[in-house]
């Protein structure tokens, strides 16, 4: 699948986004900043990536996810949980970063701080109904209904 990637900040030429291994599901996003940003405990900031993408296919979207090591070891996660990039969005990718740790976290220029994965999307045709055509076994059970 072809996705156009536009480099908005020439500093990224030094460290182009790409897949780390043949089996990588996502590309690492780099902090496209001129100087380090310090996130205090409980603080949330938008970090520029210096790139824009053009998926141009409504059957796909992109998701921005935290890097597992940074989330687990440092407490750096996404402020919005997951970033969803629609297929028709063409602006710069910005990442909401949240520090859930007790320590200040430094985000350095060109640091790999998040990741981007392309995922398939199905757009549903919703039909307004009074009752569902079939009752599932689960029905309305939720929030621990099948066990905790």
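Each Cβ is built from the backbone N, Cα and C atoms, and glycine gets one as well.
Sequence annotations record features per position, and here Swiss-Prot assigns substrate binding site to 67, 68, 69, 80, 84, 85, 86, 94 based on sequence analysis. For residue 68 (substrate binding site), no same-chain residue lying six or more positions away in sequence has a CB closer than 8 A to its CB.
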Site extent for substrate, whole Å (max Cα pair distance, 67, 68, 69, 80, 84, 85, 86, 94): 26
